[in-house]
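Colleague: According to Swiss-Prot:
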- 9: S-palmitoyl cysteine (LIPID)
- 10: S-palmitoyl cysteine (LIPID)
- 38-359: domain 'G-alpha' (DOMAIN)
- 41-54: region 'G1 motif' (REGION)
- 46-53, 180-183, 274-277, 331: GTP binding site (BINDING)
- 53, 186: Mg(2+) binding site (BINDING)
- 178-186: region 'G2 motif' (REGION)
- 201-210: region 'G3 motif' (REGION)
- 270-277: region 'G4 motif' (REGION)
- 329-334: region 'G5 motif' (REGION)
């Protein structure tokens, strides 16, 4: 065999090997692209306390590993802290609103609770349990609770305070509902990926308070769906950050910004009108028309109120071709969220069938 033919032979082997490697790389790239496309990014947006973190907890319960005993134990301290935070907020509001305690001993109880550094709370000592129970049963505090729209109080306050005896028992382990109700403001970005039908749903929760929103910007790439939460019960409340601004107006302004962002032109928008249970309670004594004069429906009818609120948000969408998918929700109700998210999942998959090679 001549030198030339040997070189040609070697060269053709090299070419073959090179082609094989190239083909392998191309195949891997196609696989990577396909796999990347099998991940759906869902961005959870909404103002502070609209229920985003609770929604993520529900995804963990419904589609993830849930909460083990050990996980639940990790929430014990937070439940105690939520109770102290709620009672301290009411004690401060008693002064601001000039409401008197009916029982004289509650002045001393209020002083005792006020001086607790909530962030250092890790146990629930008997003297504090007793003081909190006595305070909660005071008609003055009950009047203060009824006027909670005039100050900032967590939605979970009543849930925990009516159950102090159970929470104060030794060996207390938070229930799933206790975990869902714990309020910890979200700072930074929380991602929760879960696998459904061989597709990864990556849910991203960003803090809703104003100071947190500037951190959102880099979450905006490749978003499949925006899931925007509105607290229906906030129509008569003011912002944590600014006590002369209506919370629902703030939520509307944020939604308007989101639906007009060029980033989201190709993202579907799903609107969760959350806290429908709180709206049903509140609408009986706090009239929507007092805060939104354009409401001309019947008073004390939750259905009329929520339909009006839905229309207010849908009307902010400038693109008549873009459908806003909406659901009324109660984020602390696991069965409600299971049902709603099944519908949402079907919507998202239908909208992305071709894009994600799902057909």
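Glycine is no exception: its Cβ is also placed from the backbone N, Cα and C atoms.
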Colleague: Compare 41-54, 270-277, 329-334 by their Cβ pairs under 8 Å to the region 'G2 motif' (178-186) and return the stretch that comes out on top.
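Modeller: Most contacts with the region 'G2 motif' (178-186): 41-54.
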Colleague: At 10 angstroms around each C-beta, which of the binding-site residues 52, 181 has the fewest other C-beta atoms nearby?
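Modeller: Per-residue Cβ counts within 10 Å for the binding-site residues 52, 181 bottom out at 181.
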Colleague: If you count, for each of the binding-site residues 53, 186, 274, the other Cβ atoms lying within 10 Å of its Cβ, which residue has the minimum?
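Modeller: Relative to the other binding-site residues in 53, 186, 274, 186 has the fewest Cβ atoms within 10 Å.
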Colleague: Same chain, outside the region 'G1 motif' (41-54) by at least 6, Cβ under 8 Å from its Cβ: which residues?
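Modeller: Sequence-distant neighbours of the region 'G1 motif' (41-54): 154-155, 180-181, 183-186, 190, 201-209, 212, 216, 219-220, 222-231, 234, 239-241, 247, 250-251, 254, 258, 267, 272, 274-275, 329, 331-332, 348.
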Colleague: Can you check which residues sit near residue 277 (GTP binding site), meaning Cβ under 8 Å from its Cβ, same chain, 6 or more apart in sequence, and list them in order?
Modeller: 330, 332, 333
Colleague: Within 10 Å of residue 186 (Mg(2+) binding site), Cα to Cα, which of the binding-site residues 46, 49, 52, 274 are there?
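Modeller: Near residue 186 (Mg(2+) binding site), where near means Cα within 10 Å, the binding-site residues are 49, 52.
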Colleague: Short question: which residues 6 or more past the ends of the region 'G5 motif' (329-334) have a Cβ under 8 Å from it?
Modeller: 51, 54-55, 58, 61-62, 176-177, 180-181, 229, 272-277, 340
Colleague: How long is the line from the C-alpha of residue 46 (GTP binding site) to the C-alpha of residue 53 (Mg(2+) binding site), rounded to the nearest angstrom?
Modeller: 11
Colleague: Which residue counts does DSSP yield for the region 'G4 motif' (270-277) in the helix, strand and coil classes, in that order?
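Modeller: Its residues divide into 2 helix, 5 strand, 1 coil.
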Colleague: Work out how many Å separate residue 274 (GTP binding site) and residue 53 (Mg(2+) binding site) at their Cα atoms, rounded off.
Modeller: 12
